[in-house]
Amino acid sequence: MEIVLAKRAGFCFGVKRATQMAFEAAEKEGETFTLGPIIHSPQVVQRLEGMGVKVLSDLEGIGNGTVIIRSHGVTSAELEDAVRRQLEVVDATCPFVKKAQEHVKRLSHDGYTVVVVGDADHPEVQGIVSYAEGPVHVVGSGEEAARLPNMKKVGVVAQTTQSFETLKNVVKECLLKGGEIRVFNTICDATAVRQDEAKALAREVDCMIVIGGFNSANTKRLAEVCSELQPRTYHIETAQELDASWFQGVERVGVTAGASTPKWLIDEVIERIQEFDNKKKG
């Protein structure tokens, strides 16, 4: 059985940067915290917890130490709270997310009603929205955008892991809603490239394995686009979840992974698939 690993499987630039910053901070003296999980990988979070890094939902009761801002970013109020408490702040916010936050702040300041294309419940979107000084709407599709009120000036940004197709559909609707529109494509290139690569791979294999946290938006989207082309697509977090029956009659298996999936997890999955194959041959 041939195992084909996608070239861009695993950590993206922003996640790699954030995890490096987190592990470096963990090695220093004093208490270290992250506001929410540093990335959407339970296994990486566990490793950091093993080094003494505590995951907090808020800073209530924290008077000293180092707080790491997760790769998805936090709200402006949470960042201000950390500064007010005189904590040492290690800002591991992905630069692409940071750019979206800055666009929202500037658009809002200039009198635009802001439309954020994304998932309203996602921490990245909640952080982006918090930088708006005026009206702001979150929409996840063109259909939702069609229900927006008419607006004089509209400014559009996107969650970094959104699909370009969704952004286009929302922009089309916003063109009908406002007299003036400004659009910033804040989708991370890595997201689109990974999805295109995964789709191409899914067409060429008999089975597709997508590795990443079940709480990871970009991993879930990878699994979705793969399953549209290859029904035998399986989304897993760890090698332990693999099932030998998935590979019956399979000659080529494709493997890809979300932007928050570490290399060691990918290696473990590939090793496990190889074990299944060796048993089959033996």
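Note that Cβ sites are derived from N, Cα and C of the backbone, with glycine treated the same way.
Fair warning: this is a prediction, and the values are worked out from it, not measured in the lab.
Record features, source Swiss-Prot:
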BINDING   Cys12, Cys94, Cys188  [4Fe-4S] cluster binding site
BINDING   His40, His72, His122, Ser216, Asn218, Ser260  isopentenyl diphosphate binding site
BINDING   His40, His72, His122, Thr160, Ser216, Asn218, Ser260  (2E)-4-hydroxy-3-methylbut-2-enyl diphosphate binding site
BINDING   His40, His72, His122, Ser216, Asn218, Ser260  dimethylallyl diphosphate binding site
ACT_SITE  Glu124  active site, proton donor
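Sequence features, as recorded in Swiss-Prot, placed on the structure.
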{"residue": "His40", "record": "isopentenyl diphosphate binding site", "Cβ neighbours (10 Å)": "28"}
{"residue": "His72", "record": "isopentenyl diphosphate binding site", "Cβ neighbours (10 Å)": "30"}
{"residue": "Cys94", "record": "[4Fe-4S] cluster binding site", "Cβ neighbours (10 Å)": "23"}
{"residue": "His122", "record": "isopentenyl diphosphate binding site", "Cβ neighbours (10 Å)": "18"}
{"residue": "Glu124", "record": "active site, proton donor", "Cβ neighbours (10 Å)": "26"}
{"residue": "Thr160", "record": "(2E)-4-hydroxy-3-methylbut-2-enyl diphosphate binding site", "Cβ neighbours (10 Å)": "28"}
{"residue": "Cys188", "record": "[4Fe-4S] cluster binding site", "Cβ neighbours (10 Å)": "25"}
{"residue": "Ser216", "record": "isopentenyl diphosphate binding site", "Cβ neighbours (10 Å)": "25"}
{"residue": "Asn218", "record": "isopentenyl diphosphate binding site", "Cβ neighbours (10 Å)": "26"}
{"residue": "Ser260", "record": "isopentenyl diphosphate binding site", "Cβ neighbours (10 Å)": "31"}
For the residue listed as 'active site, proton donor', which of the listed binding-site residues (Cys12, His40, Cys188, Ser216, Asn218, Ser260) have their CA atom within 10 A of its CA? none
What subset of the binding-site residues His40, His72, His122, Thr160, Ser216, Asn218 lies within 10 angstroms of Cys12 ([4Fe-4S] cluster binding site), using C-alpha positions? none
Where Ser260 (isopentenyl diphosphate binding site) and Cys188 ([4Fe-4S] cluster binding site) are concerned, what is their Cα separation in Å, rounded? 14
Restricting the comparison to the binding-site residues Cys94, Thr160, Cys188, which residue's C-alpha is spatially nearest the C-alpha of Ser216 (isopentenyl diphosphate binding site)? Thr160
Quick one: which of these binding-site residues, His40, His72, Thr160, Asn218, have their CA within 10 A of Cys188 ([4Fe-4S] cluster binding site)? Thr160
How far apart, in angstrom, are the most distant Cα atoms among the isopentenyl diphosphate-binding residues His40, His72, His122, Ser216, Asn218, Ser260? 15
One should report the C-alpha separation between Thr160 ((2E)-4-hydroxy-3-methylbut-2-enyl diphosphate binding site) and Asn218 (isopentenyl diphosphate binding site), rounded to whole angstrom, as 9
Taking 8 Å from the centroid of the Cβ atoms of His40, His72, His122, Thr160, Ser216, Asn218, Ser260 as the cut-off, which other residues in that chain fall inside it around the (2E)-4-hydroxy-3-methylbut-2-enyl diphosphate site? Ile39, Ser71, Glu124, Thr161, Ala217, Thr219, Gly258, Ala259
Which are the residues of the chain, Cys12, Cys94, Cys188 excluded, whose CB is within 8 A of where the CB atoms of the [4Fe-4S] cluster site average out, their centroid? Phe13, Gly14, Val15, Ser71, Pro95, Phe96, Val97, Thr160, Thr161, Ala190, Thr191, Ala259
Looking only at Cβ atoms, how many others are within 10 Å of the one on Cys12 ([4Fe-4S] cluster binding site)? 26
Check the DSSP secondary structure of Asn218 (isopentenyl diphosphate binding site), expressed as helix, strand or coil. helix
